[in-house]
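Reading through the structure tokens given below for one structure.
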Amino acid sequence: MEKSYASASSGELGVVAGGGGRSVRVIPLRHPQEAVAGSSPSWWSVVMVKARGMGPRDWAEAALPCLSWMRTYRLKEDLQADLAAGITVGVMLVPQLAVGPVALVSLLVSNVLGGIVDSSSELYTELAILLAFMVGVLECLMGLLRLGWLIRFISHSVISGFTTASAIVIGLSQIKYFLGYSVTRSSKIIPLIESIIGGIDQFSWPPFVMGSSFFVILLIMKNLGKSNKRLRFLRASGPLTAVVFGTIFVKIFHPSSISVVGEIPQGLPKFSIPRGFEHLMSLMPTAVLITGVAILESVGIAKALAAKNGYELDPNKELFGLGIANICGSFFSSYPATGSFSRSAVNHESGAKTGLSGIIMGIIIGGALLFMTPLFTDIPQCALAAIVISAVTSLVDYEEAIFLWSIDKKDFFLWAITFITTLIFGIEIGVLVGVGFSLAFVIHESANPHIGQKAVLGRLPGTTVYRNRLQYPEAYTYNGIVVVRIDAPIYFANISYIKDRLREYELNLPNSNRGPDVGRVYFVILEMSPVTYIDSSAVQALKDLYQEYRDRHIQIAIANPNRQVHLLLSRSGIIDMIGTGWCFVRVHDAVQVCLQKVQSSSSSSIKLSPQASGDLADSVTTPKVQQRYSFLKNLWKSQVGDGCTGSEVQPLLRQNLV
């Protein structure tokens with residue numbers, strides 16, 4: 001038999017000629033150890049190389065992420081917006097910043113510490129401060145260890161549903177300042193609505209008129225600022241305008257029915273080192289829980305704002321920044337803080353461009369606490385409520401739900417379940433449920449990869465390209481040969497599913513439109529380019545599957561595995577078991593070799609083994625069955641004596657490379 005092999009260049013073709021008289025030109029599949037000299041670098045070596053390449057500036061930015069935006073700050077473009085946002089949020093949120101205590105964190109701290117010590121004792125305060133230190137350390141460690149990838153499991157659908165529901169809940173929680181009577185403090189919509197309806201007899205017109213007026217003014221200024229570049233300053237100055245005019249009105253007319261901020265304690269908290277470290281271990285579970293909740297809320301709103309403004313969010317820097325804030329805060333009598341939904345929304349709607357707005361907030365609040373607390377006593381709370389409601393209305397993303405319904409019902413379900421649970425059970429519970437369902441979908445998709453009838457490939461007419469037959473019904477398929485693409489890593493969770501789908505081909509023969517009718521499957525070609533990983537469980541399962549196929553005279557072929565998968569298959573012995581002649585670079589090569597085997601077998605007359613021929617002879621009753629019997633007989637002949645590679649087709653790899 002004539003044969004030739006490709007040279008070292010991977011672009012050259014090898015020629016395999018068989019008894020059928022037709023040469024099949026194939027691209028040799030290189031052994032992974034030949035393709036690259038040396039193995040892939042370990043993660044530790046990659047980290048060390050990156051660390052050696054970092055200069056002083058890189059190390060400084062790693063320690064203080066704020067230096068990265070400071071270095072590229074655009075003074076003319078960003079200063080005005082940051083200044084306006086910083087002043088607005090600083091004036092409105094005295095004495096909080098956009099990063100500060102949130103409802104659930106406060107509740108967790110209160111519940112845990114209340115079971116340890118009396119809330120009126122000094123130890124209660126010390127433990128709350130210690131919790132801030134512990135949460136800060138955990139967040140810094142997560143940032144330094146680059147664990148921000150965990151946040152990737154919060155999908156855009158979950159964030160959008162959570163954001164929309166949170167905006168509605170926060171807006172309703174602020175409506176009490178419009179109505180003029182107290183409403184239950186809750187992050188759940190049902191208690192809020194019940195409380196609003198229950199107190200309707202206490203409704204007061206003055207705060208409603210003032211708050212509604214400011215709300216309309218804010219919407220007009222915001223829309224004018226968005227639609228006209230020359231009036232962009234209106235968007236940023238809207239909240240500050242409401243605060244100033246509201247304060248002037250209260251100072252002149254002194255309306256008794258309009259509630260104001262009231263007296264604010266003067267002075268800054270003193271520096272002190274956290275104490276109570278003997279309770280460290282008992283507080284650790286709470287610190288871990290608070291860290292998780294803080295990350296969900298802070299990074300959740302951060303991702304929503306990043307998507308809305310078209311910039312990338314680095315979760316590791318976000319975690320590290322939150323950690324530094326909590327550690328520093330613990331030295332100034334702070335309990336655990338995180339990014340707040342409502343305060344971040346106001347900061348965004350005020351036009352903030354960079355972290356400078358936060359620095360300006362800090363300066364404003366620090367100066368206010370030291371010297372200007374009397375000026376803030378007469379700010380009407382309905383004006384502040386109008387600012388918050390105006391800010392969160394832009395985060396109600398109902399258009400996203402409509403879009404998801406039209407393109408992906410699964411993502412719409414994630415949006416809807418997160419939206420509903422956030423409204424009913426609260427912001428944090430809603431995010432947890434949304435993330436839980438996201439993980440469940442990920443696990444389900446991973447354990448049930450795209451395979452079966454949906455992944456059967458056929459050859460596009462006039463090409464050597466193989467595509468999904470459902471997408472391209474005109475694609476050619478060949479009797480006795482099935483080409484299957486596995487669109488996922490193969491590991492312990494999905495290997496049973498993959499094996500079950502492959503076995504179905506013997507029971508449900510795919511419809512083919514080329515070649516003689518042979519009545520069953522004799523070749524299964526696995527297109528493995530999408531497979532990025534194979535574990536040991538999958539290796540053993542593939543060996544079992546090969547043995548089952550071999551016992552039923554079915555040959556497996558592998559096409560286009562990547563380097564890591566090919567290396568693992570080679571080391572595990574699967575390549576030797578299947579045969580190097582059944583491993584290909586292209587699906588087309590595999591199909592052509594299988595067709596050549598069919599032709600060679602049909603022209604041969606070597607006798608089957610006694611057992612096989614006896615079993616088949618009993619079923620030879622019609623010309624059609626006789627044709628199938630002849631094909632099986634000759635195919636079995638070509639495989640007897642040479643294992644899985646066959647005598648008619650030469651291996652595509654040199655033996656010394658395997």
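In case you wondered, yes, glycine gets a Cβ from its N, Cα and C as well.
Annotation source TrEMBL lists transmembrane segment at 83-107 (among others).
Residues annotated as transmembrane segment in TrEMBL: 127-149 (among others).
The feature transmembrane segment is assigned by TrEMBL to 161-183 (among others). Among residues of the same chain six or more beyond the transmembrane segment (161-183), those with a C-beta under 8 A of the stretch's C-beta atoms are 189, 192-193, 195-196, 199-200, 202-208, 211-212, 257, 259, 300-301, 304, 341-342, 345, 381-382, 384-386, 388-389, 392-393, 395-398, 400-401, 414-420, 422-423, 427, 430-431, 434.
Residues annotated as transmembrane segment in TrEMBL: 203-221 (among others).
If one looks beyond the transmembrane segment (233-253) by at least 6 residues along the same chain, the residues whose Cβ comes under 8 Å of a Cβ in the stretch are 80-81, 84-85, 87-89, 91-92, 210, 214, 217-218, 221-222, 224-226, 260, 346, 349-351, 375, 378-380, 382-384, 386-387, 390-391. Positions annotated as transmembrane segment by TrEMBL: 233-253 (among others).
Residues or ranges marked as transmembrane segment by TrEMBL: 287-307 (among others).
Per TrEMBL, the feature transmembrane segment maps to 356-376 (among others).
What TrEMBL records for 383-407 (among others) is transmembrane segment.
Sequence annotations record features per position, and here TrEMBL assigns transmembrane segment to 413-443 (among others). Sequence-distant contacts of the transmembrane segment (413-443), counting only residues of its own chain at least 6 positions beyond either end whose CB sits under 8 Å from a CB of the stretch, comprise 103-104, 153-155, 157-158, 160-162, 164-166, 168-169, 186-190, 293, 296-297, 300, 341, 400-401, 404, 493.
The annotation domain 'STAS' is assigned in TrEMBL to 471-594.
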The domain 'STAS' (471-594) [mean pLDDT, rounded to integer]: 86
Highest-contact recorded stretch vs the transmembrane segment (287-307), from 127-149, 203-221, 383-407, CB pairs under 8 Å: 127-149
Intrachain residues whose Cβ lies under 8 Å of the transmembrane segment (127-149), provided they are six or more past its termini: 109, 113, 116-117, 272, 274-277, 279-280, 283-284, 286-288, 290-291, 294-295, 314-330, 333-337
Composition by DSSP (helix, strand, coil) of residues within the domain 'STAS' (471-594): 54 helix, 22 strand, 48 coil
